[in-house]
Amino acid sequence: MAEPDYIDDDNPELIRPQKLVNPVKTSRNHQDLHRELLMNQKRGLAPQNKPELQKVMEKRKRDQVIKQKEEEAQKKKSDLEIELLKRQQKLEQLELEKQKLQEEQENPPEFVKVKGNLRRTGQEVAQTQES
């Protein structure tokens, strides 16, 4: 291979080319990642080689952890939120009781209806006997 002619010259005025620095190779994070991938490849733990069942199990575990965190966040409600929930429940109970009372007033019990029917039939029988 032919060497460039500026190597032979000892001319101080010439700017000698330097090899460019690869920012990816100098990055510490990238080096660590590359090293970890190589180690995993040697051990046979490459991410693309995982069986489908193992991937599904890992996804389920992640989902379960996320769900548990959400539940814990809901359990850690402030005093204000707890008090508001109590008031809301009380209001709902009062509303249900009012609805029940209205239904009872609008729809009398069955025995009251039967008693009214008996009176009417008794009166009708008495009227037919008189006539």
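Any Cβ shown, glycine's included, is placed from N, Cα and C.
Feature list (source: Swiss-Prot):
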- 61-108: coiled coil (COILED)
- 1-12: compositional bias 'Acidic residues' (COMPBIAS)
- 52-79: compositional bias 'Basic and acidic residues' (COMPBIAS)
- Ala2: N-acetylalanine (MOD_RES)
- Lys50: N6-acetyllysine (MOD_RES)
- 1-79: region 'Disordered' (REGION)
- 99-131: region 'Disordered' (REGION)
Tertiary contacts of the compositional bias 'Basic and acidic residues' (52-79) (same chain, 6+ residues out, Cβ under 8 Å): 85
Same chain, 6+ residues apart, C-beta under 8 Å of the C-beta of Lys50 (N6-acetyllysine), given in sequence order: none
